[in-house]
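Participant: Pulled the feature table from Swiss-Prot, pasting it below:
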type: DISULFID; residues: Cys35-Cys50; note: disulfide bond
type: DISULFID; residues: Cys44-Cys56; note: disulfide bond
type: DISULFID; residues: Cys49-Cys63; note: disulfide bond
type: DISULFID; residues: Cys67-Cys71; note: disulfide bond
type: DISULFID; residues: Cys118-Cys173; note: disulfide bond
type: DISULFID; residues: Cys185-Cys193; note: disulfide bond
type: DISULFID; residues: Cys293-Cys323; note: disulfide bond
type: DOMAIN; residues: 33-73; note: domain 'Chitin-binding type-1'
type: SIGNAL; residues: 1-32; note: signal peptide
Amino acid sequence: MIAARAANLQVAMKALALAVLALAYAAATARAEQCGRQAGGARCPNRLCCSRWGWCGLTDDYCKGGCQSQCRVSRDGGDDDVAAVLLTAPGGGRAGVASVVTSDQFERMLPHRDDAACPARGFYAYRAFVAAAGAFPAFAATGDADTRKREVAAFLAQTSHATSGGPYSWGYCYKEVKGATSDFCVPNARWPCAPGKAYHARGPMQIAYNYNYGAAGEAIGADLLGNPELVATDPTVAFKTALWLWMTARSPSQPSPHAVVTGQWTPTPADSAAGRAPGYGLTTNILTGGLQCAGGNGGADRVAFYKRYCDVLGVGYGPNLDCFGQAPFDGDIMSASAAK
């Protein structure tokens, strides 16, 4: 089964060759530094460290070597340390994603990610997830409690499908495609490929192509054009790339998955005519460019992961779970799991 999933991921890479993503809109909205003297003295949310370059994070690159504020925490603590120290709300208790999904619930959702059969074993840690989420303060912090739970369930469901070794508790089994036959480098003046580097699918959302690595790296403060391997070696960076794809609208007419699941998107008459409606199903449409909206097992798998995770979090599923019959926005593909 795992070999078959690997083959499916390779097929997904070929499907991505048909898409050219419109990144100008995303890059224009994600360029500014986040903290410190570069941002008027602002502090990072959730008590993350502010690096010398003005970016928020948890690793030693952020917390040491010129760190500007909130520098006492490094990534060496355990999961409980991250929740208690980094994600403490001003009035006590937990804040951010740690207030929505606990480490125990994370383990229940992804019990096999560290199985010996999974190439990503030991990589996708809860502490890396909550640290990465701290760089996106609106994630799991928009709307009421049920909305926040559904967003976490939706994000983990889509990324579980992208990295799955089987249904529906084998999410996060893979961290990159093995044996890629292409370097996924295409001509791009703004995001040129670095010599000898490959931009195949990596991380929870299986980010691929130099233009995605470049834009994501700029947004999170990492040189992913020069060091794309970071997405498969640094779990916090890996989660940040997935969250960037989740939080970023690809064009003014196409919402981010975050905007959809948190109720911030309202369909236009053109959207309604195209069958596009609020709900988890629309995130599949956005992430796959509509490739899984004509039926097939891929869309059904995504729904099954989502339902299971909603059950773990104790929240209802909401409407419109699949995208069957929905027209794509513009054919762009955000996730390399589009053909799975």
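Note: Cβ is positioned from N, Cα and C throughout, glycine not excepted.
Each of the listed features needs to be described in terms of its position in the shown structure.
Facilitator: Secondary structure at Cys50 (disulfide bond), taken from DSSP and collapsed to helix, strand or coil, is strand.
The DSSP secondary structure for Cys44 (disulfide bond) is coil.
When other Cβ atoms within 10 Å of the Cβ of Cys67 (disulfide bond) are tallied across all protein chains shown, the result is 20.
Secondary structure from DSSP puts Cys118 (disulfide bond) in coil.
Residues near Cys185 (disulfide bond) in space but far in sequence (CB under 8 A, at least 6 apart, same chain), listed by position: Cys193, Lys197, Ala198, Tyr199, Tyr209, Asn210.
Long-range Cβ contacts of Cys323 (disulfide bond) within its own chain (separation 6+, distance under 8 Å): Gly281, Leu282, Thr284, Asn285, Gly290, Gln292, Cys293, Gly299.
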Participant: Going by Cα-Cα distance, which of the disulfide-bonded residues (Cys35, Cys44, Cys50, Cys173) sits nearest to Cys67 (disulfide bond)?
Facilitator: Cys50
Participant: How big is the gap, in Å, between the Cα of Cys50 (disulfide bond) and that of Cys173 (disulfide bond), rounded to a whole number?
Facilitator: 31
Participant: How many Å separate the Cα atoms of Cys56 (disulfide bond) and Cys63 (disulfide bond)?
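Facilitator: Rounded to a whole number, the Cα-Cα distance is 9 Å.
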Participant: Of all the disulfide-bonded residues here, Cys50, Cys173, which one's CB has the most other CB atoms within 10 A?
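Facilitator: Checking each of Cys50, Cys173, the winner is Cys50.
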